[in-house]
DNA sequence: AAGCTTAACAACCGCCAATGA
DNA sequence: CTCATTGGCGGTTGTTAAGCT
């Protein structure tokens, strides 16, 4: 007997979310909060499973999300946190208000990992890759990794050394300041609040909330 | 212009821990 | 205590746009 699925997948929509679906989910959450993800799809009129709704909200629709590219300092911080926490993306994400674990994980897998490889560093251990280890890895590694190495060989030795030094300096300098600066920093909280206000204003001008005023009367919410 | 490859990101899947009945 | 349910997490896959040949 396998594990029971999180929901009955029959008749449920999958794949990319449409704008209409996003609107339905956002409208529902703004008006009702998040009572129980399992009930959200039905109450919001969505043919998705609750888990999918939760993911969409957390990774894409949440008002406090900070969209856009990662800055250099953010990347450096991710590298440093990853060296301490490993693949605990949610923990890492908690240090970046407005960023999601999925976003950071994707960024790590598509960019930062390659960057570290170019520096001659093992993305898992954050230590320089030994020649012996390199040979061992050589036997099993995939084509894409091989391409990364080809690029690396185009960098001359001094360039690689410089990059490596910079990385070590960076990690060293940041290590001392870390651990006391957590996400409950008051200035960060204010930033988040401002961001939220802006976003709510934006959404207010976008939606016709009047259509949802009587939602409560139409749907019997069990938690009310 | 068409086809192919790659990079970036969104979404899904399966597992696990917490919680409540 | 046991079991079912739920939310959260990390790994992986799918999709698509951009770049290249």
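Note that Cβ sites are derived from N, Cα and C of the backbone, with glycine treated the same way.
Features as listed in TrEMBL:
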| type | residues | note |
| --- | --- | --- |
| DOMAIN | A:9-61 | domain 'Myb-like' |
| DOMAIN | A:9-61 | domain 'HTH myb-type' |
| DOMAIN | A:62-112 | domain 'Myb-like' |
| DOMAIN | A:62-116 | domain 'HTH myb-type' |
| COMPBIAS | A:125-150 | compositional bias 'Basic and acidic residues' |
| REGION | A:125-157 | region 'Disordered' |
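Taken together, the residues in the domain 'HTH myb-type' (A:9-61) have a mean pLDDT of 85 on the 0 to 100 scale. Assigned with DSSP, the residues of the domain 'Myb-like' (A:62-112) fall into helix, strand and coil as follows: 31 helix, 0 strand, 20 coil. DSSP labels the residues of the domain 'HTH myb-type' (A:9-61) in these numbers: 31 helix, 0 strand, 22 coil.
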